[in-house]
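Some features that TrEMBL has for this protein:
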BINDING   19, 23, 41, 44  Zn(2+) binding site
Ligand SMILES: [Zn+2]
């Protein structure tokens with residue numbers, strides 16, 4: 001029907017991959033190629049997936065873990081509550097007027 005795509009070599013699948021850092025990678029694959037579910041982001045190296053809303057999670061050895069995240073991992077909820085109570089008691093103690 002007069003489509004002006006004669007310059008195209010072969011039909012291709014175009015896929016977009018999204019990484020957890022919000023990078024978008026556009027790739028095209030031959031139609032007979034096996035299409036990957038994930039792709040390593042060329043910008044940051046994280047795995048990138050086809051779903052922009054749910055990019056693959058970063059690998060476990062990611063360096064940007066906060067101290068709080070470590071504390072939360074190590075301590076149970078009850079430990080956390082005890083620590084919080086202790087901290088509040090200290091604050092209350094400090095606020096109590098002396099004499
Ligand atoms: Zn990236």
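Including glycine, each Cβ sits where the backbone N, Cα and C put it.
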On the three-state reduction of DSSP, what should I expect for residue 19 (Zn(2+) binding site)? strand
Cβ contacts of residue 41 (Zn(2+) binding site) (under 8 Å, same chain, 6 or more positions away): 17, 19, 21, 23, 25, 47, 48
State which of the following binding-site residues has the fewest other Cβ atoms within 10 Å around its Cβ: 19, 44. 44
Check the DSSP secondary structure of residue 41 (Zn(2+) binding site), expressed as helix, strand or coil. coil
